[in-house]
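Comments concern the structure below.
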Amino acid sequence: MQPRWFAVVFLLLCGAACTFAFDANWKISSERAGQLDAIVQHNKDRRSAARVLSALIYTCVAATMPVLSLMLGVLLAWLWRPFHKCWRMKSAPPAATLIRGHTIIWTFIIVFLSFTISIIAGLMGWMIINLLMVVAIIGISITTCLARPQDPVMAAGRVAVSSKSNSGTQPDLEHESAETKEADDANWSQHPLGVGRSQKRTLLLCVLMFVLLCIICLVIWNVWKVDEYQLWDLNNGNTTEEFIPQLTAKTLQMLYAWDNFATNIRLQIYTMLLTSNCGSSFTNELADADKHGKIFLPWIDQYKINMDLYTPRDYTQYKSVNDWFIRRINTTFRPVTAVVYNMEIVSPADCRMLIYPNLDEARIWIKGADFTILELLDNNRELNNIFKGGEIVIARLAPQDYHRFNTPVEGNITYYKEVPGDYWSVNPLAVNSRNYVFYNLRKIVVIDTQAFGRVGYIAIGATCVGSVQLTWPDPVGHVVHLGMELGYMQFGGSTVVLLFEPNVTTWHPEILQMSAKPVESYVHVNQGIGKFKPKP
């Protein structure tokens, strides 16, 4: 037998032996079905509650826009009446009618402009237009209060003359006095007179409505308690919870509880600005006195991170928050569990993992019919044809995880490309929200292997993860070994997606069963997740 044929037979026998051991040792028990169903229901209820409460908050917030618009409309109609020609009457309309009409017109114009800008510019546009309205209302109110009061008789005469000149008729003092009296009687006055009683009542009612809406939002926000997200711990064989601070959890629920909502309100600008702020603030070098408040309390203590797993263990030895975030792990606690290195697959990171035999089955997790492997690979049709119908591994990293990622297979790197994109969160709620978070900023690597053919490795950034760094600036041509560090992601949650050719791998059956529910499985970096699948 020639040596190369002997090698092929040897690999097939090893693969068969590994697959047999894999199935024998990792077969999931049926008793866990109830636990999995409970996890799924818990996470569904969590999202349902988020939808109800976020809808209430958004309704109250949206209602503030017409309230502010009416307040500004009343004030503008009191100050400025440029639409007098809209009243086609033989004689000049009563002043009160003119003021009320201008109030309606101004309010309609402001509401129309506000919603138009909000539709075009999204949440940032809505915030800016509402801020401008609040500034305008406060500015007009302060200016009015500080203005020197005028003689009522002289002011009435000016108003009457102005009304007559606008209507295009000659001044008539008796008619002017009648219009002024009618406006006073109707409690609708105009500058330079003070605001009329009806106008004051309208403004007061708007202020009370605005305050009430703000109070309702604050009460809902403070009473709302987000339950912890649940998943399966593969090592402990039990349900576990992922800690998320309440402020962060509520923000994620508000943004991603509704499908496409974050995209529709143009939150890309917000996540980009937030990511830029994280990058600048967390890379600043800290004084030793500041490290307890900047590293220990908000991260190590709050997330209950065991620093004995990392090197160095002492957090004061890290220069910045970001330097601590990309800390190295002690390999004693994360050994490579493979036996036949070139025949096995290990987890690329400490992560929450899902495995699917193909994209169609992955849609149970990746919501959105428009999501394609082709676009994930930046429209590279050659790579798309290689991985078409192939298997998908999704490895999600949370902020408390070790954020360096390793190679899951052995081989040679033959392709690399950096693809720009957005900075959506990769939290499960965001992934399920049809916002296509896997099209974020990403780096694509292809590894050519002996047993599995080509393997796609996509490192995806996220909100506050503006930098995905590889070990080499250009990794093409480098040989990678199982469990070798391939790069790191600076600050925040992030994701690694692995693509395999069809029918080349036998996966960990427990992870497969969890994924079908779908329930994420927490696994360690370098932990075995799959083996070579011999062809029949």
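Yeah, the Cβs are placed from backbone N, Cα and C, and that goes for glycine too.
Any TrEMBL annotation is an automated prediction that lacks curation.
According to TrEMBL, the protein carries these features:
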type	residues	note
COMPBIAS	172-184	compositional bias 'Basic and acidic residues'
REGION	162-185	region 'Disordered'
SIGNAL	1-21	signal peptide
TRANSMEM	55-80	transmembrane segment
TRANSMEM	101-121	transmembrane segment
TRANSMEM	127-147	transmembrane segment
TRANSMEM	203-224	transmembrane segment
Dominant neighbour of the transmembrane segment (203-224) in 55-80, 101-121, 127-147, by Cβ pairs under 8 Å:
55-80
Distal contacts, the transmembrane segment (55-80) - CB-CB under 8 A, six or more residues away:
99-100, 102-108, 110-111, 114-115, 118, 126, 129-130, 133-134, 136-137, 140-141, 189-191, 195, 199, 202-203, 206-207, 209-210, 213-214, 216-217, 220-221, 254, 258
Mind checking which residues of the chain, 6+ beyond the ends of the transmembrane segment (101-121), have their Cβ under 8 Å from one of its Cβ atoms?
65-66, 69-70, 72-74, 76-77, 80-81, 83, 86-87, 93, 128-130, 133, 265-266
